[in-house]
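Chemist: Sharing a structure here in structure tokens format.
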Amino acid sequence: MDMESKKPYLMVTIIQVIYTIMFLISKAVFNGGMNTFVFVFYRQAFATIFLAPLAFFFERKSAPPLSFVTFIKIFMLSLFGVTLSLDLNGIALSYTSATLAAATTASLPAITFFLALLFGMERLKVKSIQGTAKLVGITVCMGGVIILAIYKGPLLKLPLCPHFYHGQEHPHRNNPGHVSGGSTSWLKGCVLMITSNILWGLWLVLQGRVLKVYPSKLYFTTLHCLLSSIQSFVIAIALERDISAWKLGWNLRLVAVIYCGFIVTGVAYYLQSWVIEKRGPVFLSMFTPLSLLFTLLSSAILLCEIISLGSIVGGLLLIIGLYCVLWGKSREEKNSGDDKIDLQKENDVVCNEVKVVIS
């Protein structure tokens with residue numbers, strides 16, 4: 001495997017590290033009382049400020065003209081795949097935990113795969129070993145997500161956070177993210193998180209089609225952020241009229257907004273567009289379980305969130321499912337390449353025979 005073919009793997013790993021930090025820092029500011037709708041507006045606005053100059057200087061001359069139909073498509077993608085997805089994700093994260101956010105995001109492989117099948121961007125040959133591997137992988141991923149959502153089991157004792165155990169209460173006991181797995185708040189958060197990821201999966205699948213008619217990735221991402229910032233502002237101002245909730249000080253809130261705006265919405269979204277163009281939406285979503293592993297350990301150390309047996313078992317199932325699907329896709333791509341080579345050889349033989357007959 002040469003360096004060029006390794007780039008998509010490197011990019012998706014970087015994307016998952018970026019998202020891990022996002023889960024942690026977002027949960028921290030929500031624990032501190034920041035309004036989730038205001039947070040989404042600020043992160044999208046900062047992303048627009050960051051990307052607009054880059055798009056102007058680097059793609060001003062190469063960007064194709066934007067038709068009205070394409071603009072409407074991008075507007076709807078921004079509304080459902082970015083604005084509403086982020087708003088629902090923010091609410092769900094305030095109800096649950098950073099680990100659950102990463103875990104339910106790992107359901108993206110199943111969501112994206114079925115949506116890609118629906119839109120004809122993926123195929124599934126159940127009778128082939130590749131198709132069976134992909135189907136088994138998706139099923140295992142879904143099983144892992146279900147276990148993470150409904151089963152906790154024994155707690156893993158970490159010496160860094162001893163107050164979890166021996167009957168002592170967690171200092172954030174009033175935070176919905178630390179309530180028992182059977183509580184209404186926890187289940188509500190799970191439902192909202194899954195809905196958010198369904199919208200996100202739809203965004204991943206459909207933006208591939210839009211990029212074919214508007215291939216300027218930087219302009220595309222900038223327009224996404226601009227439209228989303230306008231949409232999220234309308235939602236936030238309608239639901240939060242308290243001026244104090246909109247103030248940003250020199251604290252973690254400002255750091256979170258800048259990071260999520262510049263790095264997540266700006267850099268990660270651009271990298272996602274690049275990976276989707278090179279390898280497709282399902283390849284990108286297959287690496288989301290990596291952020292679960294990173295978040296599981298980081299949240300336990302930095303946010304003192306509970307690591308349970310259910311989290312470990314669910315995470316292992318997600319990783320197993322990930323590599324089942326990746327193996328199936330790699331075999332499928334290899335066979336497709338071999339078929340093209342065989343077809344070319346057959347064409348060459350036919351051409352040579354025709355030349356002999358003519359001569």
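Note: Cβ is positioned from N, Cα and C throughout, glycine not excepted.
Okay, so Swiss-Prot annotates it like this:
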DOMAIN    18-136  domain 'EamA 1'
DOMAIN    198-326  domain 'EamA 2'
TRANSMEM  10-30  transmembrane segment
TRANSMEM  37-57  transmembrane segment
TRANSMEM  66-86  transmembrane segment
TRANSMEM  100-120  transmembrane segment
TRANSMEM  135-155  transmembrane segment
TRANSMEM  186-206  transmembrane segment
TRANSMEM  218-238  transmembrane segment
TRANSMEM  256-276  transmembrane segment
TRANSMEM  282-302  transmembrane segment
TRANSMEM  306-326  transmembrane segment
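Walk me through where these features lie, including what they touch and how far apart they are.
Modeler: Along the domain 'EamA 1' (18-136), the predicted structure has mean pLDDT 86.
Away from its own ends, the transmembrane segment (10-30) comes close to residues 36, 39, 90, 93-94, 97-98, 101-102, 105, 177, 252-253, 255-256, 259-260, 263-264, 267-268, 271-272, 274-275, 283-284, 287-288, 290-291, 294-295, 298-299, 302-303 of its chain (Cβ-Cβ under 8 Å, at least six residues beyond either end).
Within its own chain, the transmembrane segment (37-57) has Cβ neighbours under 8 Å at 26, 29-30, 63, 82-83, 86-87, 90, 218-219, 221-222, 225-226, 228-229, 232-233, 235-236, 239-240, 245-246, 248, 253, 256-258, 260-262, 264-266, 269-270, counting only residues six or more beyond its boundaries.
For the transmembrane segment (186-206), the list of distant contacts is 73, 77, 80-82, 84-86, 88-89, 91-96, 100-101, 104-105, 107-108, 111-112, 115-116, 119, 121, 149, 176-177, 179-180, 272, 276, 281, 284-285: same-chain residues at least six beyond its ends, Cβ to Cβ under 8 Å.
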Chemist: Among 100-120, 218-238, 256-276, 306-326, point out the range having the most Cβ pairs under 8 angstroms from the transmembrane segment (66-86).
Modeler: 218-238
Chemist: How do the residues of the domain 'EamA 1' (18-136) split into helix, strand and coil according to DSSP?
Modeler: 93 helix, 0 strand, 26 coil
Chemist: Rank 135-155, 218-238, 256-276, 282-302, 306-326 by Cβ pairs under 8 Å to the transmembrane segment (100-120) and hand me the top one.
Modeler: 282-302
